[in-house]
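Okay, so here's the structure we're looking at.
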Amino acid sequence: MAQVFKVAVLPGDGIGPEVMAEALRVLDAVEAKYDVKFERTHANVGGAGIDIEGKALPETTVNICKAADAILFGSVGGPKWESLPPDEQPERGALLPLRKIFGLYANLRPAIIFPSLTGASSLKEEVIAGGFNVLVIRELTGGIYFAQPKGIEGEGRDRVGFDTMRYSVPEIERITHVAFQAARKRGKKVCSIDKANVLSSSVLWREVVTGIAKEYPDVELSHMYVDNAAMQLVRWPKQFDVILCENMFGDILSDEAAMLTGSLGMLPSASLAEGTFGMYEPSGGSAPDIAGQGIANPIAQILSMGMMLKFSFGMVDAADAIDNAVATVLDQGFRTRDIYQQKDGEKLVNTKEMGDAIIAAL
């Protein structure tokens with residue numbers, strides 16, 4: 001009897017529904033190829049949640065997610081909702097509460113450049129020849145984004161804005177284990193990012209990470225200040241395997257690493273809780289400027305679905321098959337507009353045609 005997994009499908013706004021449709025078609029192909037069944041329940045989130053149910057994260061959506069084994073998330077946001085109070089806007093009103101409700105503390109963002117796409121990168125060919133594969137692991141529920149106190153006080157020109165950067169030993173320990181366990185399955189290197197020369201929270205971070213590293217003698221640990229890391233990512237990204245960051249540093253460096261690949265439309269992400277539950281989403285935004293035109297790149301959404309198979313459902317072979325199918329399609333020259341360079345052998349395709357090609361390769 002086929003194993004059954006429950007998936008909460010949250011397409012969201014902008015290009016979200018279009019790229020989600022292709023990911024679900026690839027999921028159909030996985031069902032046909034492997035002895036497994038995916039029960040999918042769609043729910044509103046972000047701007048769609050605001051328009052249809054009055055808030056970015058409706059209670060119905062939360063309940064659907066609670067009943068699921070994983071969340072497959074599209075993208076949220078757009079100009080239509082930018083005039084709302086910040087806490088009610090799609091991004092802050094949906095993503096931050098989802099992370100808190102489900103304890104999604106570990107964000108995994110691969111920054112991969114395929115050898116056939118090195119020309120799309122902003123870096124020189126000699127720096128990235130042969131491609132690179134970096135995994136940024138970001139602590140997602142602590143640090144300056146969440147710690148108290150924070151706020152704005154006073155009147156007029158006497159107003160003061162303040163935030164608190166705070167980390168506990170258990171918070172640092174659990175994200176460090178995620179990084180070292182990931183490195184064991186990759187290049188066996190962890191570079192921990194901090195600002196221990198000026199921040200007390202970073203002093204503790206470095207101390208705890210160094211202690212945990214002793215449990216993983218087969219993995220090489222290095223430390224790097226965040227300003228140097230930002231420079232080194234551009235100078236020589238191949239030096240990195242797994243990059244371990246606290247929340248704000250990871251937010252910044254993961255975007256930088258992503259852009260080195262040439263397109264955010266290529267990059268998946270996973271946000272994991274303790275256990276097997278996770279939320280999987282593309283690294284890019286809702287791209288409202290191209291929504292509805294059928295030209296969005298669905299690869300990030302499809303690879304995010306592949307990460308769901310690997311991390312929440314233990315289907316490593318299926319996840320690898322999806323990764324290989326994407327690489328095959330790129331080697332065959334299929335390109336959506338964002339990665340099209342008008343080179344010989346390239347074939348410009350739309351969203352659905354890219355999905356068709358990946359399904360055929362799978």
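Residue numbers in this text run from 1 along the chain shown.
Here the Cβ of each residue, glycine as well, is placed from N, Cα and C on the backbone.
Annotated features in Swiss-Prot:
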BINDING   78-91, 285-297  NAD(+) binding site
BINDING   R99, R109, R138, D227  substrate binding site
SITE      Y145  site 'Important for catalysis'
SITE      K195  site 'Important for catalysis'
BINDING   D227, D251, D255  Mg(2+) binding site
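The structure, with features from Swiss-Prot marked on it.
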residue: G78; record: NAD(+) binding site; contacts (Cβ under 8 Å, 6+ apart): D13, G14, G47, P90, S286, P288, A291
residue: P86; record: NAD(+) binding site; contacts (Cβ under 8 Å, 6+ apart): R92
residue: Y145; record: site 'Important for catalysis'; contacts (Cβ under 8 Å, 6+ apart): N247, M248, D251
residue: K195; record: site 'Important for catalysis'; contacts (Cβ under 8 Å, 6+ apart): S202, Y225, V226, D227, F249
residue: D255; record: Mg(2+) binding site; contacts (Cβ under 8 Å, 6+ apart): S283
residue: A287; record: NAD(+) binding site; contacts (Cβ under 8 Å, 6+ apart): G14, I15, S75, A296
residue: I295; record: NAD(+) binding site; contacts (Cβ under 8 Å, 6+ apart): T336, R337, N350, T351
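Among the record's substrate binders, R99, R109, R138, D227, no two C-alpha atoms are more than 27 Å apart, and one pair sits at exactly that spread.
Listed in chain order, the extra residues whose Cβ falls within 8 Å of the Cβ center of the Mg(2+) site residues D227, D251, D255 are V226, A230, M248, F249, G250, I252, L253, S254, E256. Neighbour counts of Cβ atoms within 10 Å were taken for the binding-site residues R99, R109, R138; the minimum is at R99.
Local packing around the Cβ, expressed as the count of other Cβ atoms within 10 angstroms, is greatest for D251 among the binding-site residues D227, D251. If you draw a 10 Å sphere around the CB of A291 (NAD(+) binding site), it holds 18 other CB atoms from the protein chains shown. A Cα-Cα distance of 26 Å separates R109 (substrate binding site) from E82 (NAD(+) binding site). Fewest other C-beta atoms within 10 Å: among the binding-site residues E82, P90, that description fits E82.
When the alpha carbons of R138 (substrate binding site) and E82 (NAD(+) binding site) are compared, the span between them is 27 angstrom. In the three-state DSSP classification, I295 (NAD(+) binding site) falls within coil. Between R99 (substrate binding site) and E82 (NAD(+) binding site), the C-alpha separation comes to 21 Å.
A coil conformation is recorded for K195 (site 'Important for catalysis') in the three-state DSSP classification, outside any helix or strand.
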